[in-house]
Amino acid sequence: MRENSAMSDPRHIAIIMDGNGRWAKARGLPRSAGHRAGVEALRNVVRAAGERGLDFLTLFAFSSENWSRPSGEVGDLMGLLKLFIRRDLAELHRNNVRVRVIGEREGLPADICSLLNEAESLTYRNSGLNLVIAFNYGARDEIVRAVQSIGRDIAAGLLDPSSISAELISANLDTAQIPDPDLIIRTSGEMRLSNFLLWQAAYSELLFVPCHWPDFAAADLDAAYEAFRQRERRYGGVEVQEQPKEYEMIVSRPPVKGAAV
C-alpha cells in the first residue's frame, strides 16, 4: 500500500472504453466503424502504456451484458476481437507483453476461446506490461462465481465459514494475482462503473474524461497520469485534501478537435 503523501505513478490502470457508437453517429458512420476506430485507439494506448512502464493495463472489452445488443453488432465485436488477436498478438509477444483474460468463458464460441487461450499461453512467461482483457465480464457475476467456489469448499468440509475473509474472496476472483487498479478511467463523459471491477475498485481513483474512446490518445493517458499524481489516497483516513485543479481541468476539458460532444 502506498503512503498517504504524494503518490508515485500508478502500477495498474483500468479503462472503460466507452463512446465508440456515439463517435460513429456524430460522423454519420455505422456503429461498426466506431468499433474499428476503437480498436485502433486500443492499439495506441497499449503501446503508450508499455512505453511508460505501466505494470498492468485492464481494458473492459466486452461486458457479459453486451450480448443483449443487436446480433449484427455482437458479430462485429467478435470479429474485431479475433482480428486484433490474430494481427497484434505477435507484436505484443515481441514487446514482452503478457496477455491475461478475465471473465466467464463457459458458453463462448469455441474459436473465441481458442484464441484467448492462445494469447495467454504464448505470452505467459513475458515480464513486461500485463494486458488484462475483460471479456464476457461482469463484476457481479464474477463475485457470484467466487462465492460459489467458496461455498463448494465449505460444503466439502475443506473450509470453515468463520475463515472467510476479504483476502479469500479476492483470491477466488478472476483477478487473483492481479493487484487492484490504482486508477480507473472511463471515456465519453459517463460517470459510473457499469458493473466493472466493483470489488477491486474499493480504493481506486476514478477519472471520467469527456472524449469518446476512439479519440483517446497517448496525451490523454499522460494527463491521467498527472491527475493521479495530484491525488491523495487515504484508505479510510481522516486527512482531507482539496480536489486538485488538474483533475478539474481534465474532467471539464472539451473533446479533442473533431470529436463529438
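Quick reminder: no glycine exception, Cβ is built from N, Cα and C everywhere.
Taken from TrEMBL, the feature active site covers ASP18. Counting only same-chain residues six or more apart in sequence, the Cβ atoms lying under 8 angstroms from the Cβ of ASP18 (active site) belong to ARG186, THR187, SER188, GLU190, HIS212, TRP213.
The Mg(2+) binding site annotation in TrEMBL covers ASP18, GLU205. Under the three-state DSSP scheme, GLU205 (Mg(2+) binding site) falls in the strand class.
Under the heading substrate binding site, TrEMBL lists 19-23, ARG31, HIS35, 63-65, TRP67, ARG69, ARG186, 192-194. The Cβ of SER64 (substrate binding site) lies under 8 Å from the Cβ of GLY103, GLU104, ASN136, TYR137, GLY138, ASP141, each of which sits 6+ residues away along the same chain.
Look at TrEMBL and you will find ASN66 tagged as active site, proton acceptor. Under DSSP, ASN66 (active site, proton acceptor) is assigned to a helix (H, G or I) in the three-state scheme.
On a Cα basis, GLU205 (Mg(2+) binding site) lies 29 Å away from TRP67 (substrate binding site). Ranking the binding-site residues GLY19, GLY21 by the number of CB atoms within 10 A of their own CB puts GLY19 at the top.
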